[in-house]
Structure formats: C-alpha cells, structure tokens
C-alpha cells in the first residue's frame with residue numbers, strides 16, 4: 001500500500017486518515033424570493049453521504065442573510081463532496097427549496113483557510129439565477145490519525161521488506177540448489193512440488209514460514225492498536241454544563257410592556273429549550289443543561305431568546321454566542337452575555353468537564369467484558385465509595401444488537417418490496433445517543449454498545465427506532481421504555497416495539513442486553529431529591545395521522561348539526577303530522593315553563609337514566625377497554 005501525503009486535489013484512495021472540515025457559513029447573496037412579499041426566510045443544511053451534519057439558524061425576510069455560523073465536520077472520505085442545500089422556512093407548511101451546491105473537498109489545500117463562493121442551482125430550473133453562498137473552509141488531518149498513519153506505514157514497510165526479502169532469497173537458494181532453476185520459473189511446471197526436499201531446503205523453508213507468521217502476528221497486534229485509536233476518536237471529549245441563571249432588562253415585546261421569555265440553546269445537533277417565564281423582563285430560570293463535546297477545541301453554543309405568543313409566531317428578543325475554546329476546563333465560569341439584535345443580557349454558569357461518562361463503541365469493545373475496566377467500575381460504585389461524588393449513582397451499559405420485522409416506511413415504485421432505513425436512539429434523561437443507519441433493511445443489525453452514568457436509579461431507559469428520510473424529519477417506527485430497576489443484568493431480551501404513547505404494540509421487536517451497576521446508598525439518598533427535569537427539545541412536526549383524525553371528528557360534528565337542522569326543518573314542513581304536532585306541544589310546554597335550573601337538571605336526569613341501565617343490567621353499550 002502506497003500512502004502519499006495529500007496535496008491539492010490529491011487524496012489517495014487507500015488513505016486511512018480522517019480529516020476535520022471547519023466550515024464558517026458567512027452569508028448569502030441575492031437569494032431567490034420564495035414568499036409573496038418578495039423575500040425569503042433562508043436557512044442552510046450541510047449533508048455528507050446523504051446524512052445531515054449541520055443546519056443553520058433561520059434569517060427572516062432577507063435575501064442577503066448574514067449567518068457567521070461555524071460547523072466542525074469529521075471527514076473519513078475526502079473524495080465525497082459536501083452537499084449544501086438552502087431552504088425558505090414556512091411556518092406550518094413544507095419549506096420551499098431555494099437551491100443547492102456541491103463543495104469538492106479534493107480541491108482544498110490542507111491546513112489553509114479558503115474562502116469559497118458557491119452558486120446555487122436547481123435541476124428543475126437550470127437557467128435561473130438563485131443566488132450564491134459564501135463560506136470559509138479549513139481542511140486539516142485529524143490529530144488522532146497521525147499515529148494511526150505512521151503505525152500503518154511502519155507496519156507495511158517493515159512487513160513488506162522482511163517478508164519479501166526472506167521469501168525471495170529463500171526461494172532463490174531453494175530452487176537453485178535443488179533444481180538449478182531461477183525463482184521466476186512457473187511454480188506449477190511439471191511435478192516440481194512432488195519431489196523430495198533436502199534437509200537444508202526444509203530448514204530454509206521453515207525459517208521464512210516462521211518469519212512470515214511473526215510478521216503477520218505483529219501486524220495483527222498493530223491492527224488492534226489501530227482499532228483502539230479509531231474507537232477513541234468515537235468517544236465524547238467532555239461535557240459542557242450550562243446553568244441558565246437569569247435575564248436582565250430584556251426587551252418588551254407585548255402590548256402590556258412585558259414579555260414571556262424563554263431561551264433556546266444549540267450546539268451542533270444538540271438542542272435544548274428552557275421553560276417560559278410569563279410577564280417579566282427580569283426572568284429567573286435556574287435551569288441546568290448538559291451538552292456533549294466531540295472536539296477538543298470545543299465549539300460555539302448559539303443562544304437565542306424568544307417571547308412566547310399564543311396563536312402566532314413567537315417574537316425574537318435577541319441572541320448571543322458562547323465560544324467554548326476560550327474557556328478553561330474543570331472550572332466554572334460566570335458569564336454575563338449581552339444580547340445582540342436586542343436589549344438586556346443573560347447570566348450563565350458554564351463548566352467544561354474534560355471527560356464524559358457516556359460512550360459509544362462496537363460490540364466487541366465494551367467496558368464490562370474487559371476485566372480491569374469491570375473491576376474499576378465495581379470499585380467506583382462499591383459501598384466503600386458511597387460518599388464520593390454523590391451525583392454519580394451508577395453505571396449503565398446498553399447493547400443494541402438488532403431488530404426484526406420492522407414496519408416498512410419507504411414505498412417506492414422502483415422496489416418490489418417496501419423497506420426502511422432504520423436507526424436507533426437511546427435516551428436516559430437528558431443523555432441521547434444514536435446508532436448508525438442500516439439502509440433498506442427491515443431486520444437491521446447495529447451491534448453497538450452505549451454507556452451512561454446514572455444520576456437517578458428510578459430513571460427510565462427509552463429506546464426508539466426511526467426511519468431516516470434524507471430531506472425531512474425521521475419517521476417513527478417504534479419505542480420501548482425500560483425502568484432501570486426492572487433490568488436483569490447480562491440477559492439478552494427481545495422487546496416488542498410500542499407506539500409513541502406506549503399504550504399498544506406496533507410492528508417489530510428489538511433485541512437488547514442491558515447491565516446496571518449502582519451504589520445502593522447513593523441511589524437511596526438521590527430518591528429523596530427532586531426528579532431531574534427532561535430539557536431536551538422535541539422537534540415540532542405536523543402529524544398526518546393526527547390531522548386526519550381531527551378532520552374526521554370535525555366532519556362528524558358538522559354532520560350532526562346538519563342532520564339536526566334537517567330534522568327541525570321537517571317538523572316545520574309537517575312531513576310527519578304526528579311528529580310535528582308533538583314538537584309543537586313540546587315547544588309550548590318548554591317556553592311556558594322554562595327556568596334556567598332546568599338545563600343542569602336535564603343533564604342530571606340523563607346521568608340517572610344511565611345509572612339505572614347499568615344497575616338493571618340493560619346497558620348494552622361497548623365500553624372502551626383502554
């Protein structure tokens with residue numbers, strides 16, 4: 001294998017290194033208008049390998065938006081381009097497509113910041129000018145991969161030199177001595193391999209067989225080290241704990257001179273939303289959020305403040321950003337962040353922890369099967385350590401093995417059978433981890449191990465299966481909820497997937513193996529404290545099933561009113577003289593004797609009539625067992 005240092009547009013196909021792409025989304029120029037007012041509400045998506053890796057904030061009513069947002073993307077195949085799509089946000093409707101572009105990563109020079117202008121295109125309208133997007137990009141090799149690359153180079157160089165030399169000279173002397181022929185003679189000519197070898201040739205053959213075996217074992221050991229390095233690059237580098245203390249002198253957005261503020265946080269794909277503080281310009285939140293860091297250099301947390309308005313779009317109050325690369329680790333920083341594009345400030349406490357207790361790894365590399373790591377975990381949660389770090393109650397390991405007979409969510413005309421692209425989300429309170437996606441498969445195998453630190457032994461582990469859709473939010477396939485106290489350690493079980501409300505089964509089963517280790521004293525003390533609030537913000541999406549159900553209910557109510565109107569009209573038209581006469585007498589009686597107390601009395605008589613039917617055994621109505 002020839003490993004060459006990549007230069008401009010020269011990335012060898014066998015290069016095992018990973019790269020880091022730092023992208024700064026600067027601004028857009030002359031974007032296409034998609035709204036009636038001649039403007040757009042643009043936002044940008046980055047996709048790599050068909051998966052969304054970044055989504056920008058939405059700039060409202062602007063054809064020349066300025067984002068200045070940063071994204072850090074890991075690249076394992078630089079020959080695969082970065083797909084950039086721009087959309088116009090429409091509240092409650094499907095977002096309009098503005099245009100797209102490709103960024104060829106092989107055209108970038110390593111370790112050099114480059115400004116790129118990409119013209120947006122739409123295959124349906126190739127001649128339209130849709131505007132352009134300006135980016136600043138920096139492509140660098142990953143630090144962890146340098147050791148990997150050097151290891152592979154040394155391994156191949158040493159093994160190829162030694163093995164080639166031994167085999168070449170060994171065969172040369174072997175053939176020369178026994179048959180007086182050179183090594184380039186065809187190996188299958190005549191009955192060459194059926195002759196009797198001399199003792200010296202046997203010793204020589206044994207020597208280069210042993211050398212080949214030793215080189216193979218050396219390379220195998222180095223391959224294990226290589227997989228370890230790859231595994232380490234998958235782990236989280238730390239946790240960012242943010243405590244939202246208060247807001248000061250925020251901008252008034254309501255007619256009463258006040259606001260109903262709440263705060264949104266975003267770091268990459270991780271999103272949180274605070275509670276709403278009604279009618280105040282100096283809100284006191286006292287809420288804590290935990291973000292997971294994947295990069296040693298940190299990142300930028302986008303913070304936006306909004307005013308809640310019932311029945312219409314929320315008002316924007318202001319925004320600020322926290323650059324984590326400027327903060328020292330293992331230290332709590334008190335920050336007073338002034339709001340841009342608004343008034344007032346936010347008071348935050350930010351703490352960076354160097355290592356995380358939540359990890360992802362392959363099935364063959366889990367913690368509890370390593371005897372040393374298992375002993376360390378058991379020691380950490382033994383009774384002797386009951387007063388050390390009271391918030392760390394226990395350790396949870398979840399093996400997501402496979403799923404079977406999932407629901408088919410993708411129906412296309414090209415395939416004879418419907419398929420799904422399933423992936424799995426594992427949640428414990430505010431910690432969320434995802435598996436990779438298995439494409440076009442109703443029986444996926446993930447074989448992933450997830451580890452969490454337990455803060456409350458009464459927590460519930462939630463495992464949800466989704467179908468990945470490239471251009472819209474994922475479709476729900478099924479879910480299971482497992483209380484930690486009901487888990488039997490080391491037992492692989494098949495769990496039937498249920499609906500979102502966990503009230504009934506849906507199609508498919510998922511196979512999990514779960515282990516829980518916890519300190520009983522810490523868990524008991526934690527039980528007396530308030531339950532941890534779940535802050536993770538769920539994506540708002542329009543449910544087609546709910547929309548159809550509400551439409552049917554509305555239609556049914558309207559039909560009842562229409563039928564009642566027809567019935568009353570038939571009484572006035574004397575279609576049935578006995579019925580019209582009875583209605584006329586009833587009308588006279590009610591009008592002559594009506595009092596307001598008769599309305600609740602009529603409801604009470606209906607309740608008494610139903611009670612009489614039940615106790616007499618004449619109630620034949622179908623009861624809802626749920």
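Using N, Cα and C of the backbone, Cβ positions are placed for all residues, glycine too.
As annotated by TrEMBL, domain 'C2' applies to 1-118 (among others).
Annotation comment: TrEMBL describes 220-337 (among others) as domain 'C2'.
Among the features that TrEMBL reports, domain 'C2' is placed at 371-497 (among others).
Under the heading transmembrane segment, TrEMBL lists 581-612. Within the chain, the transmembrane segment (581-612) has long-range Cβ neighbours (under 8 A, six or more residues past its boundaries) at 571, 619.
Residue counts for the domain 'C2' (1-118) under DSSP, split into helix (H, G, I), strand (E, B) and coil, are 3 helix, 56 strand, 59 coil. For the domain 'C2' (371-497), residue counts in helix, strand and coil come to 16 helix, 58 strand, 53 coil, using DSSP.
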